[in-house]
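Here's what Swiss-Prot has on this protein:
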{"type": "BINDING", "residues": "Gly41, Pro42, Ser43, Gly44, Cys45, Gly46, Lys47, Thr48", "note": "ATP binding site"}
{"type": "DOMAIN", "residues": "4-236", "note": "domain 'ABC transporter'"}
Amino acid sequence: MTGLSINNLSMRFELPNGDHVQALQDVSLDLKAGELLSVLGPSGCGKTTLLNIVAGFLAPTSGELILNGHRITGPDAERGMVFQQGALFEWMSVRENVAFGPSMKGTPKVDKDKTVDHLLDVVGLQDFKEKAVYELSGGMQQRVALARCLANDPDVILMDEPLGALDALTREKMQSLVLKLWKETGKTIILITHSVEEALLLGERLIVMAPRPGRIHKEYRLPFADLGVDSDLREVKKHPEFGPRREEILNMIWDMEEEIMGGKEDAA
């Protein structure tokens, strides 16, 4: 695997009244295989638009995306998506949900069962495998969503606010699980989040996007994800660089939000 290259990506949405919105402008980014990237920014900066283009759900106005030497032109099995809401088949059991992708690909039953059992062990759901999804808590449903994504063995996992709806304790446990799965599988992960703390804990790299038009404003290389694989995340937060970096990024995003609100008031 050679990784993902995003080259001069722009996205323009045409509005019914003839106006347009420039959601992204000349975004370029290279991710090596196995990298974990966190993406932050104020609402409307194009984070989810960028993720949807990488997923192949949207075609960019200009620019290109190259994954493992091939141009991305639409959705395919090389990229898996985990949403804020699990997007699971609620009438199916946990096992059936995780097995869905391999079943659609015609994976032999012996191989499929081995994969599903392994992933259920990894995410701690082996004892719940016959439960219907609707019987599970939100945190458990997100564990199913992660396992289902991994069952398809994508090269890149795209995560759009996957932990945003969880309570604080469950969210911390899921953050630890994401780091564990990242290290065990070697997958490339792009994580969209509104939480500065979460972005710092989970990202080897972190980009802050600015709005109007959406673009990369600043990039950081971080030590915290590697530390969090083997340590309690609460201990990682005590790292001397963590607090100052958190404050720096929070202030940066607050300044952007104030500029947006100021622009709205001027327009009014």
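Using N, Cα and C of the backbone, Cβ positions are placed for all residues, glycine too.
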**Request:** Determine the Cβ neighbour count for Thr48 (ATP binding site): the number of other Cβ atoms within 10 Å of its Cβ.
**Result:** 17
**Request:** Could you check the binding-site residues Ser43, Cys45, Gly46 and say which one's CB has the fewest neighbouring CB atoms inside 10 Å?
**Result:** Ser43
**Asked** Does DSSP give Gly41 (ATP binding site) helix, strand or coil?
**Response** coil
**Message:** Cβ atoms within 10 Å, counted per site: which of Gly41, Pro42, Gly44 has the most, among these binding-site residues?
**Reply:** Gly41
**Message:** Using Cβ atoms only, which residues of the same chain lie under 8 Å from Lys47 (ATP binding site) while being at least 6 residues apart in sequence?
**Reply:** Val39, Leu40, Gly41, Ile192, Met209, Gly214
**Message:** Taking 8 Å from the centroid of the Cβ atoms of Gly41, Pro42, Ser43, Gly44, Cys45, Gly46, Lys47, Thr48 as the cut-off, which other residues in that chain fall inside it around the ATP site?
**Reply:** Met209, Pro211, Gly214
